[in-house]
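The feature domain 'KARI N-terminal Rossmann' is assigned by TrEMBL to 10-199. Annotation source TrEMBL lists domain 'KARI C-terminal knotted' at 200-347. The Mg(2+) 2 binding site annotation in TrEMBL covers D208, E244, E248. Sequence annotations record features per position, and here TrEMBL assigns Mg(2+) 1 binding site to D208, E212. Summarising the annotation, TrEMBL assigns substrate binding site to S270.
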Amino acid sequence: MAKIDFGGVMEEVVTSEEFPLEKARTILENEVVAVIGYGVQGPGQALNLRDNGVRVIVGQREGGASWDRAVADGFVPGKTLFPIEEAARKATIIQYLLSDAGQVAMWPKIKACLNEGDALYFSHGFGVVYKDQTGIVPPENVDVILAAPKGSGRTVRTNFLDGSGINSSFAVFQDFTGRARERCLAMGIAIGSGYLFETTFEREVYSDLTGERGVLMGCLAGVMEAQYDLLRRHGHSPSEAFNETVEELTQSLIRLVAENGMDWMFANTSTTAQRGALDWAPRFRDAVIPVFDRLYESVKNGDETRRVLDVNSAPDYREKLNAELDAIRKSEMWRAGSAVRALRPENRKQ
Ligand SMILES: NC(=O)c1ccc[n+]([C@@H]2O[C@H](COP(=O)([O-])OP(=O)(O)OC[C@H]3O[C@@H](n4cnc5c(N)ncnc54)[C@H](O)[C@@H]3O)[C@@H](O)[C@H]2O)c1
Ligand SMILES: CC(C)(O)[C@@H](O)C(=O)O
Ligand SMILES: [Mg+2]
Ligand SMILES: [Mg+2]
């Protein structure tokens with residue numbers, strides 16, 4: 001493993017150079033990988049595995065949109081696409097990529113399909129770590145491994161297609177065969193990871209649930225809305241409020257952060273902007289620390305899991321979710337966003 005200095009802390013990572021695809025292919029050559037669930041991660045990981053030469057089949061509920069999408073992506077019913085349990089029985093590596101609530105509902109059936117020496121693969125620590133709520137306790141005679149892409153399943157695929165790669169964490173929870181670690185790393189590389197950093201199931205789920213509720217999604221959505229509303233209350237137009245809150249971030253400044261870090265972005269703005277941002281950053285940080293403390297506690301004590309399972313297991317969960325997303329899409333802010341996006345020169349040309 002390559003030793004990398006992450007800001008003064010040495011960590012070991014596995015890169016695709018050091019663990020080449022050929023090595024992954026050799027480790028996986030006698031395996032049949034079943035991707036169970038063809039939602040967001042399922043397609044990204046399944047298509048990358050297939051393109052990387054791994055024997056991959058898909059298990060999905062018959063007849064729905066996800067089944068049709070797998071067919072459209074070239075998986076053939078009866079050959080490489082099966083109902084969930086049939087796929088799980090055929091596989092030696094079961095990639096459990098149903099929604100987290102779906103994993104709980106299907107667990108008794110999946111458990112019954114596991115053969116001694118199989119590997120049960122997750123992209124999240126959720127099911128195993130919160131076992132008191134999920135009931136997911138793998139039998140002792142299988143490997144239990146994790147490769148968790150740090151990004152959307154869509155990006156798992158688009159990064160692969162553009163020749164880059166997604167970063168993923170990896171973890172071994174249970175090593176029955178003595179091969180769990182090599183199977184885990186081989187899968188991590190074969191799904192298209194650029195590098196893998198080691199974690200545990202517990203640390204993965206705590207950090208992942210915190211990140212998506214925090215800066216990556218929840219906090220981002222919240223602070224954007226707060227600033228947009230503030231500007232609107234003070235008489236700024238929707239286009240001005242949206243540009244100053246979202247468009248400039250996604251089209252300019254966050255790209256600089258991605259390229260070269262926060263100091264680089266600051267260095268490429270005016271000294272006026274730098275002064276204000278340097279002064280205000282600690283105020284925002286201090287204001288949100290108590291919220292972040294509550295969030296982490298809620299993750300750790302299982303409250304977030306309880307909420308996810310309660311809401312996402314309800315029969316009308318899809319309708320309710322769509323209504324919530326629809327309300328965002330129809331809000332003035334995001335309708336303004338749609339108009340702003342349409343005005344981007346590359347979109348105007350179409
Ligand atoms: N979405 C992401 O980009 C992402 C990123 C990293 C990790 N993960 C993890 O990967 C796993 C899969 O997440 P996802 O977002 O791809 O899932 P998803 O919400 O897209 O659902 C995947 C599939 O599960 C099926 N499903 C749901 N409930 C079911 C049930 N009760 N019975 C049978 N099938 C059911 C649906 O048909 C759907 O096609 C989760 O553990 C998630 O936390 C997701
Ligand atoms: C893509 C995310 C937010 O990183 C993932 O954790 C998820 O749950 O979808
Ligand atoms: Mg997540
Ligand atoms: Mg995540």
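Cβ coordinates come from backbone N, Cα and C, glycine included.
A map of TrEMBL features onto the structure.
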residue : record                 : DSSP class
D208    : Mg(2+) 2 binding site  : helix
E244    : Mg(2+) 2 binding site  : helix
S270    : substrate binding site : coil
Contacting binding-site residues, sequence order - D208, E244, E248, S270 vs ligand 3, Cβ under 6 Å: D208
Candidates near ligand 2 among the binding-site residues D208, E212, E244, S270, judged by a Cβ under 6 angstroms: D208, E212
Distance [Cα-Cα, Å, rounded] between E212 (Mg(2+) 1 binding site) and E244 (Mg(2+) 2 binding site): 23
Residues satisfying Cβ distance under 8 Å from the residue listed as 'substrate binding site', sequence separation of at least 6: none
Spatial neighbours of E244 (Mg(2+) 2 binding site) that are distant in sequence (at least 6 apart) but have CB under 8 A: Q227, L231, H236
Segment-level pLDDT (mean, integer) for the domain 'KARI C-terminal knotted' (200-347): 98
Binding-site residues close to ligand 4 - of D208, E244, E248, S270, only those whose C-beta is under 6 Å away: D208
Spatial neighbours of D208 (Mg(2+) 2 binding site) that are distant in sequence (at least 6 apart) but have CB under 8 A: H124, G125, A148
